[in-house]
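Colleague: Input: one structure, supplied below.
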Amino acid sequence: MYNCAILLAAGEGKRMKSATPKVLHKVCGKEMVNHVIDALREANIEDVNVIVGKKAKEVQLKTESRSVSFSFQEQQLGTGHAVKCAKEFLLGKEGNVAIFTGDAPLITSKTIKTLMEYHETNGFHGTILTSIIDNPSGYGRVLRENNGEVDKIIEHKDCLKEELKIKEINAGMYCFNIQALLEALDKLDNNNAQGEYYLTDVIEILKKDGKKVGALAVNFEETMGVNSRLQLAEVEAIMRKRINAMHLENGVTIIDPNNTYIDCNVVIHNDSIIYPGNILQGKTVIKENCVLYPNSRIVDSIIEKSVVIQNSVILQSNIGENTTVGPFAYIRPDSNIGSAVRIGDFVEIKKSTIGNNTKVSHLTYIGDAEVGERCNFGCGTVVVNYDGKEKHKTIVGDDVFIGCNANLVSPVEVKDNSYIAAGSTITDEVPRGALAIARSKQINKEDWVKKKDEK
């Protein structure tokens, strides 16, 4: 059976109080609307149409890479009107259409599959996704017939006293037979106080036409929508719990899951240990046997096997196996750190390559540089890469020893097996095997202090 989907993503989200369209707010590193699209795709629904409205271009820009189509809702005239705007998408199709909202990122592919199968197996023309909650106040109630099929949906304000006791609510997600939906949409009107077209009225139309309507009850958290920053935080907490549980099941030790923040696209291999306060974002990959001590942030980076990181920031970079980083190191984008390297405290690396077995132990800046293997950077070494207009490159060969408080003024090359004396400012090439000394000769003025005090 052919299945397609319509995704409602045209709402303004005024309660978010944000210039960003509501559906583009991120949950664990991914836009809410893209969470739903990805769940639909995992449920084998490839043909997805996204309804966009105000700030349509922003939503299109963030979703078009997922090969979806778009329909436009220029005026916000209700959920039924939004689906009416997608009629062109539905015309000529036979099968079923799932309708979901772009602000409900917790929906899973498993639930979507179950909904579609339940709808088709029972021969329903429409199926509502519902939840049963202890406090249904404010939600539309689902009334069922004796055979379990849906009789109608009643909004909270229209419920009678007995109907208010019903705890099954409409989750605002549906599956329809496409032809039955198109026929119902043609009969949909806006004869109500708000002058809007409601998708819930389609259920009433189907029932009047003698069509079968079913309901599938699922866990409430999967259907949670986001209309405020508070709800966004609640949804993020649930998603984070899911993500951390997945990593725990896959053999990762997370010392305190409630205080560990891992984006949905992060990959962590088994036998790694994550301490509290770590933030892993983007497409970061943590290989086997790594230890992330508390309070590091790693973004879009690849961390190879057996790396130890403490209290550091790593952005868009690669860290080789058996390397240690931190505490308080800053690895900036486009850096490649080799294997068995030591990047110590208060070290900043920017757009540089550091060779295997090199040690940069403390208080050092390396920018726009190529550093070879088995080098040692003394405390306070600075690569002076910026002349006020342009960045320049520094090349340091293999087996180079740089003393404390040295400056390498770019562009400059320090060749293999050479030494730089402490306190030197290097502006010219250092030959292979040479000792470079670039500092003033020490002068001791005898009795200088006594003479100063006598003045």
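For all residues, glycine too, the Cβ spot is worked out from N, Cα and C.
Dumping what Swiss-Prot says about this protein:
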- 1-229: region 'Pyrophosphorylase' (REGION)
- 8-11, Lys22, Gln73, 78-79, Gly140, Glu155, Asn170, Asn227, Arg332, Lys350, Tyr365, Asn376: UDP-N-acetyl-alpha-D-glucosamine binding site (BINDING)
- Asp103, Asn227: Mg(2+) binding site (BINDING)
- 230-250: region 'Linker' (REGION)
- 251-455: region 'N-acetyltransferase' (REGION)
- His362: active site, proton acceptor (ACT_SITE)
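Describe each of these features in terms of where it is and what it packs against.
Modeller: Over the region 'Pyrophosphorylase' (1-229) the predicted model carries a mean pLDDT of 95.
The DSSP secondary structure for Ala10 (UDP-N-acetyl-alpha-D-glucosamine binding site) is coil. Around Ala10 (UDP-N-acetyl-alpha-D-glucosamine binding site), the same-chain residues at least 6 positions away in sequence with a Cβ under 8 Å from its Cβ are Ile51, Val52, Gly53, Lys54, Ala56, Gln73, Gln76, Ala82.
Sequence-distant contacts of Asp103 (Mg(2+) binding site), defined by Cβ-Cβ distance under 8 angstroms and a gap of at least six in the same chain, are Ala9, Gly11, Gly13, Lys22, Val23, Met32, Val33, Gly225, Val226, Asn227.
Listed by sequence, the residues of this chain that lie at least six past the ends of the region 'Linker' (230-250) yet keep a Cβ under 8 A from its Cβ atoms are 16, 25, 27-28, 105-106, 221, 224, 257, 260-264, 266, 268, 270, 274.
According to DSSP, His362 (active site, proton acceptor) is assigned to a strand segment. Within 10 Å of the C-beta of His362 (active site, proton acceptor) we count 19 further C-beta atoms, all protein chains included.
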Colleague: Whole-number answer please: how many Å between the C-alpha atoms of Arg332 (UDP-N-acetyl-alpha-D-glucosamine binding site) and His362 (active site, proton acceptor)?
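Modeller: Rounded to a whole number, the Cα-Cα distance is 16 Å.
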Colleague: Including all protein chains shown, what's the count of other C-beta atoms within 10 A of the C-beta of Leu8 (UDP-N-acetyl-alpha-D-glucosamine binding site)?
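Modeller: 27, counting other Cβ atoms within 10 Å of Leu8 (UDP-N-acetyl-alpha-D-glucosamine binding site).
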Colleague: Can you name the residues of this chain that are 6 or more positions from Asn170 (UDP-N-acetyl-alpha-D-glucosamine binding site) yet have a C-beta less than 8 Å from its C-beta?
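Modeller: When sequence neighbours closer than 6 are ignored, Asn170 (UDP-N-acetyl-alpha-D-glucosamine binding site) has Ile128, Thr130, Tyr139, Gly140, Arg141, Val142, Ile153, Thr200 within Cβ distance under 8 Å.
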Colleague: Counting every protein chain present, what is the number of Cβ atoms, excluding its own, within 10 Å of the Cβ of Gly78 (UDP-N-acetyl-alpha-D-glucosamine binding site)?
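Modeller: Taking all protein chains shown, Gly78 (UDP-N-acetyl-alpha-D-glucosamine binding site) has 21 Cβ neighbours within 10 Å.
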